[in-house]
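Accompanying notes for the structure given below.
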Amino acid sequence: MENPPNETEAKQIQTNEGKKTKGGIITMPFIIANEAFEKVASYGLLPNMIMYLIRDYRFGVAKGTNVLFMWSAASNFTPLLGAFLSDSYLGRFLTISIASLSSFLGMVLLWLTAMLPQVKPSPCDPTAAGSHCGSSTASQLALLYSAFALISIGSGGIRPCSLAFGADQLDNKENPKNERVLESFFGWYYASSAVAVLIAFTGIVYIQEHLGWKIGFGVPAVLMLIAALLFILASPLYVTRGVTKSLFTGLAQAIVAAYKKRKLSLPDHHDSFDCYYHMKDSEIKAPSQKLRFLNKACLISNREEEIGSDGFALNPWRLCTTDKVEELKALIKVIPIWSTGIMMSINTSQSSFQLLQATSMDRRLSRHGSSFQVPAGSFGMFTIIALALWVILYDRAVIPLASKIRGRPFRLSVKLRMGLGLFMSFLAMAISAMVESFRRKKAISQGYANNSNAVVDISAMWLVPQYVLHGLAEALTAIGQTEFFYTEFPKSMSSIAASLFGLGMAVASLLASVVLNAVNELTSRNGKESWVSDNINKGHYNYYYWVLAIMSFINVIYYVICSWSYGPLVDQVRNGRVNGVREEEELIDIVGKGFEKEDLSPVVKTN
């Protein structure tokens, strides 16, 4: 049975019936512009921020990187909170509006740190003889961190809600072209997001490097103001939907209910349907036998005390449906594979060190006659370009060509794609270590051991391969994981499927900080120069990269084990496969067994 609409939903239905003229294509420019401007503004701040912290706030490399790790963790965690508040309390329009204003205020505060000399340490040259440069005060840091916090809160409200809010405006079941309209919107939405990030990594970074922090921080603030105004001024045009109970609440209820009934005994036969609470129209009459201790959450211990006359549970924190129990089990089941993506996110979060490398190298496009220098913070665009090219070529060229050659549909299984992405991430860190070893030797041989600001006679284009590999890793693993979650979860859990990768990035930022602090602490003992020294030529960033590369290789092996242990995917079971593979299919090895090859001819092998 389905819950009847509550009073809020009933009023909303009546309201929408009388306002059929709201929503539609006319709202799209405002919603897409809000998301795009927010991305240009926020992503444009990150690439060069380590230089701002080092030069203007006198942070060391390790401390500055840790601050950015924390900021990244907050920016990736707040979308979960934003999605919960939007679904359960505020609604999408109000959440996006508040978040847009929060981002704008945060960027204004950050701009003020560049405009007002008194809110940061006085200018000082630490290399000058007899200079004693003071560090940042608590009040100065409070203003800086407040700016970061407000920007993170803004990201947490805009990013999880914009896509869904746009779909609300176009979702008209009476329109025979509804699916096509939604597909077109999703395409434009993601295209605008990709363009926005590219503009951030090129245009905003270029402004910061050539026109200074005052204009470099002022432009994002103005863009965010435009984004907020465009979105809010179009409010009369929007369709707004009432809030509902968050899926996170339902999962929490299942955990609490299972704990409260932990002392109860489960029935001997799992097909005792009358023992378990379920909706009349539910396909799940009894929970599965995996993770059986959670089955107690839907076990009816006293029908009179737990179920009302209307058939609904009187206390959902003591008795929940079989569907909620199975949703919780599905979430727990994917956690091992989800955790394998954390290491890749740790690797891609090392942009501060990569920027310092690029700053110390020759960034001219051509070393013969060219004066244009690629901004150090713009090298991240190669990651975005590689990601976009792979997605386009895989969908438009690789799959059609392979399918034509084989005479039947072809695709790489989602497990194989995730594994290949993790292996690419390992290669990216190994290449990073080798390039840094070469750069460091060059710097020392050219007499720059004590001068971290010197430009070494080596092209920064040597950094491009590692950026490209990071892009391919994200294209394979990040997209693969999202697809994996969507296919393995029930349809009701689609919002969690979209949030899990972001949560992994938040955890990765925290763990990256732990790894960095451990390396810094262990390698600087007894007065030794830290591997992550403020002086890039005295430190050993290459050793630090090798640590990450070794961890990445171990992670690939861990993924193989998790992939093998997970068993067949939902689609494979649905298609009636035996043990998750067809008779003509075989396992593909990268570093061991565990990647199921789907729809590949036996003559095609990958080593």
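Just so you know, glycine gets a Cβ as well, placed from its N, Cα and C.
Looking up Ser235, Ser601 in Swiss-Prot shows the phosphoserine annotation sitting on Ser601. No contact links the transmembrane segment (544-564) to the transmembrane segment (65-85), because fewer than 3 Cβ pairs that are 6 or more residues apart lie under 8 A. Counted over residue pairs 6 or more apart, the CB atoms of the transmembrane segment (374-394) and the transmembrane segment (65-85) come under 8 Å in fewer than three pairs, which marks the two as apart. Here the transmembrane segment (138-158) sits against the transmembrane segment (65-85); at least 3 CB pairs are under 8 Å, leaving out pairs fewer than 6 apart in sequence.
With pairs at least 6 apart in sequence, the transmembrane segment (185-205) and the transmembrane segment (65-85) have fewer than 3 Cβ pairs within the 8 Å limit; the two do not touch.
When Cβ-Cβ distances under 8 Å to the transmembrane segment (96-116) are tallied for each of 185-205, 215-235, 496-516, the top count falls to 215-235. Beyond the transmembrane segment (496-516), the same-chain residues lying 6 or more positions past its ends with a Cβ under 8 Å from any Cβ of the stretch are 62, 65-66, 69-70, 72-74, 76-77, 79-80, 83, 160, 247-248, 331, 334, 338-339, 341-346, 349-350, 478, 481-482, 485-486, 489, 532, 547-548, 551.
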